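Visitor: Could you have a look at this structure, given as structure tokens, before my questions?
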Amino acid sequence: MNKLTQGKFITFEGMDGIGKSTQSKMLYEYLKSQKIPVILTREVGGTFVAEKMREILVHEELLPMSELLQAMAARYDHMVRKIIPALKDGYIVICDRFIDSTACYQGLELENGIDLVYSLHTTLMPSLMPDITFFIDVEPDTAIKRVNSRNMSNKFDRRRIDFYKKIYSCFQELSHRFPERIKTIKASHLNPLEVHELIQKHL
């Protein structure tokens, strides 16, 4: 925790059903308890406009390129209206999903789509990447069981195991591509508190 200073950008990534949102909230509550200025946000969403875009993105069957551009447009609004101002004011920003989710969920559907996602991001906001990303690594079989046990609220929740395996492989690939930024937390056999304690050790 000694290395954690004001104005840092922390993201959580991984498949659905892995406890990613839980860990985002746990870290947020912990930092608040330490009197560290922090905000918690999410993607797709985080602002009024981006949340409206989220409704279309998660419920409508869009063309692959349309879906990617929708996600990027929502992110641009989120970055400009919320993330960047908070960082400039010295806040730690914790975001439940960010650029790596776009690479895996939208980029995989397009030829050379993963590289396209990072290229678009660099064009829109060249100086903004997370300082640290936590990839919550849970095996696809476990993740889909967790998803199936809850109400399926969007089109991604209704996808099958093959889809989850592709997404999982993508996040693994990104963790190897960006090892300085992405920290992998092996969480398949850990409870939420154990995962949280591992995350704290990286801060």
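Placed from the backbone N, Cα and C atoms, the Cβ positions cover glycine too.
Quick paste of what Swiss-Prot says about this protein:
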type    : residues                                               : note
BINDING : Gly14, Met15, Asp16, Gly17, Ile18, Gly19, Lys20, Ser21 : ATP binding site
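What does the local environment look like for each feature on the list?
Guide: Here Gly19 (ATP binding site) comes close to Ile136, Val138, Ala187, Pro192, Val195: these same-chain residues lie at least six apart in sequence, with C-beta atoms under 8 angstroms from its C-beta.
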Visitor: Other residues near the ATP site, CB within 8 A of the CB centroid of Gly14, Met15, Asp16, Gly17, Ile18, Gly19, Lys20, Ser21?
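Guide: So the additional residues around the site are Ile136, Val138, Ala143, Arg146.
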Visitor: Around Gly14 (ATP binding site), which residues of its chain at least 6 apart sit with Cβ under 8 Å of its Cβ?
Guide: Lys20, Phe135, Ile136, Asp137, Val138, Phe171
Visitor: Would you count the other CB atoms within 10 A of the CB of Gly17 (ATP binding site), including those on all shown protein chains?
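Guide: Other Cβ atoms found within 10 Å: 19.
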